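Q: This is the feature table in TrEMBL:
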{"type": "COILED", "residues": "51-128", "note": "coiled coil"}
{"type": "TRANSMEM", "residues": "402-426", "note": "transmembrane segment"}
{"type": "TRANSMEM", "residues": "446-465", "note": "transmembrane segment"}
{"type": "TRANSMEM", "residues": "533-554", "note": "transmembrane segment"}
{"type": "TRANSMEM", "residues": "566-590", "note": "transmembrane segment"}
{"type": "TRANSMEM", "residues": "643-660", "note": "transmembrane segment"}
{"type": "TRANSMEM", "residues": "767-791", "note": "transmembrane segment"}
Amino acid sequence: MGSLFRSEEMTLCQMFLQSEAAYACVSELGELGLIQFRDLNPDVNAFQRKFVNEVRRCDEMERKLRYLEKEIKKDAILMHDTGESPEAPQPREMIDLEATFEKLENELREVNQNAEALKRNFLELTELKHILRKTQVFFDEMAGPSREDEQVTLLGEEGLRAGGQALKLGFVAGVILRERIPAFERMLWRACRGNVFLRQAEIESHLEDPVNGDRVFKSVFIIFFQGDQLKTRVKKICEGFRATLYPCPEAPADRREMAMGVMTRIEDLNTVLGQTQDHRHRVLVAAAKNVKNWFIKVRKIKAIYHTLNLFNLDVTQKCLIAECWVPVMDIETIQLALRRGTERSGSSVPTILNRMDSTEDPPTYNRTNKFTGAFQNLIDAYGVASYREVNPAPYTIITFPFLFAVMFGDIGHGLIMFLFAAWMVLREKPYLAKKSTNEIWNIFFAGRYIILLMGIFSVYTGFIYNDFFSKSLNLFGSSWKVHFNESTYLNNKNIQLHPYYNYDGTPYGFGLDPVWQLAENKIVFTNAFKMKISIIFGVLHMLFGVGLSLWNHAYFKKQISIYCEFIPQVIFLSFLFLYLAFLMILKWMLYGPVPDDDAANFPSSPACAPPILIMFINMILFKDSEPLLNCVSPFMYFGQNGIQRLLVLVAVACIPWMLLGKPISIMKEQKQEHQLLANNHANAAGENGDAGVNPQVAVTPVASKHEEHDIGEIFIHQGIHTIEYVLGSVSHTASYLRLWALSLAHAQLSEVLWHMVLRNGLIYESWYGGIVLWMIFALWAVLTVAILVLMEGLSAFLHTLRLHWVEFQSKFYMGQGYAFTPFSFEVILETAAASTDD
């Protein structure tokens, strides 16, 4: 539990592994996921490391598995996934895996090549079948008397010179893609100058491309011409348009005989193709049962050899040396894992794990679960905590949804958010196993526990505001009573209720009284209430952040920071802005309803309540406040003016305290350390001189408590820090007014949707009123979810995020660390699966 409030204590360890046991030990550590290895060969090229050949073999196995996976998906075969993670295979099993993958790949490639050749033959025979069918019609048309004039025109003068003897026309037949027919026809006409005759007919059914399996639509054509020159030209044009030419006998008997032979061959090819596809399907089904496990095994092997490449070899080449960051709490667990790995490998020499001293900053490791992990991600998105720094995540679990709910307070909207998050939480196991690739869904699902708490807190603040889809709930009975007779409030639209006469003195049971929903001055009342509440919450939130800085200073034993930073910061913030919050609460407590006829005699009359903002400005400017009209005193308690001036003077005095206290203290300590070091040198030199020993050799330096810094740099850094805190205290306090602004905007938007949309569905009394109401309610529901829940929810979320990152965490959080990234098979496999899905 300690790591939730502060990161885990880490230590740098050195590990000595026997070469034969290194693979098994690293495999056990990968399953454990608690060690971050350092690269001890940063200057060695990746291609020159010891286990580069093994990594290449793994890459080749992965390539073959991806080919298998692609073929399995192509046939829409379901890959079996048990959800289990098999252990990393032993090095000797790599040979068996390689042989299996090689055999499967070769067999699949051979089957695919045979299938492609068969499909190509099938396509050719199918096209030839259509040519033989379609050309029969063409030949019949050309043999008719109606075509004689066209033949004469086609033959031209050469036909006339032949002495009237009948000349035979040459022809070519083939198929071409249907979309190329118009261009093909124009090219023939232009290139052959109209001396060819083209006939074409569409093939009704689609054909399958043997290479990629796409559907293609083609047409049969036949071109009649006369002469070898035109024949050559026609064939070149067909070749340019990638038309396929087929032999077509001229005699009808030969065409029928060829058609019968083609049909027989097509039937035989269908049989062979079916058998080939069945064999391919059986191979893929068998492979689909193991592909997932094979991927896991290969990726684990590859990760192990990548990690082994980070290690150093000793002089004897029999021992591997590694350095790693380890959580101190898990050292025993890691040693047990190393012992298991050594036993698995059969080695008789145990693996040695030694702790090392290091001046390097360790990585930051916060243990999380599925609930706290989402909030920790919010913090880490701003910056990973410095080592052993206070972790804001556990406090954010409460403050984040609460500040969100202050802006989003509505029972109905919070209930929608809560139900959606509860559904995701209850269904989290199947959705985690499904591993969706939808990025927006993954964002919502990852933050399901944040949304759940935001919904719960929004329902709570909705009851405080008594706001349910812009309407109030009268659960306990209003504390305001109307004492007028019936005719008075029926004949007067605006009737004011006086607090002294119409309020029974007992507050509403929980939250705002529902009568405020009907009041004309509702916005004036809620506006003042929410604005003051925002300032109070903001000051308390910032003070809590400053208080956490004390925990940091105490843990790192920075006494100077406690006395010269924390104390003046608390005084400055408390004496100014906490006092402002105190005045707001005091005003609520002191001033109440009084009778109109004797208001001047009541110092607690609301008319005598001083404006807090004016009072605070006068306090800062040292101006005397003037009493309001018919009021005795401008102050709320005795001695207020003197106390306020004292508070301002002390707060202003804290500024030079913050600015100069720490640098001067560091200067004094460094000066004392230098003096002490000089005295030690002098004493050691005197003693060694008496003994006749070289003093330069015998002197032992004294360690300094502080790093040596330039004094100017210290003053500049502290000056920036002081200015940032002082100005930030003002701007950050004002920044919390966004709680008031967004809450008011959310309530008004909800009310606008009610009056402009849903209310219109309630004015119809006829039979069709139910239909109209149903339609308008659907529109209202869509707008409510889209605008008030999603858009307003996202806006409130981002504003809450800013309040935590800037206003809260800036008081104590440095965020200059780096995350602990252990060698973990689980993380590696999840990353690989995500990259594959993308």
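Glycine is treated like the rest: Cβ placed from N, Cα and C.
TrEMBL annotations: computationally assigned, not manually curated.
Owing to the predicted nature of the structure, the values given are computational and were not obtained by experimental measurement.
Relative to the rest of the structure, where do these features sit?
A: Note on the transmembrane segment (402-426): residues 444-445, 448-449, 451-452, 454-465, 467-470, 473, 533-534, 537, 541, 738-739, 742-743, 746-747, 750, 784-785, 788-789, 792-793, 796-797, 799-800, 803-804 of its chain, located 6 or more positions outside it, place their CB under 8 angstroms from a CB of the stretch.
Distant neighbours of the transmembrane segment (533-554): 389-390, 392, 395, 399, 403, 406, 561-562, 565-566, 569-570, 573-574, 577-578, 580-581, 584-585, 729, 732-733, 735-740, 803, 807-813; these residues of the same chain sit at least 6 beyond its ends, with a Cβ under 8 Å from one of its Cβ atoms.
Here the transmembrane segment (566-590) has long-range neighbours at 532, 535-536, 539-540, 542-543, 546-547, 549-550, 553, 604, 609-610, 612, 615-616, 620, 636-637, 644, 647-648, 650-651, 654-655, 657-658, 661, 725-726, 729, 733, 811, meaning same-chain residues at least 6 beyond its ends whose C-beta is under 8 angstroms from one of its own.
Listed by sequence, the residues of this chain that lie at least six past the ends of the transmembrane segment (767-791) yet keep a Cβ under 8 A from its Cβ atoms are 410, 412-413, 416-417, 469, 746, 749-750, 753-754, 757-758, 760-761.
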Q: Taking a Cβ cut-off under 8 Å, which residues six or more beyond the ends of the transmembrane segment (446-465) line up next to it in the same chain?
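A: Same-chain contacts beyond the flanks: 370-371, 374-375, 377-378, 397, 400-402, 404-406, 408-422, 424-425, 428, 473, 510-512, 526, 743, 747, 793, 797.
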Q: So what's the average pLDDT for the coiled coil (51-128)?
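A: It averages 89.
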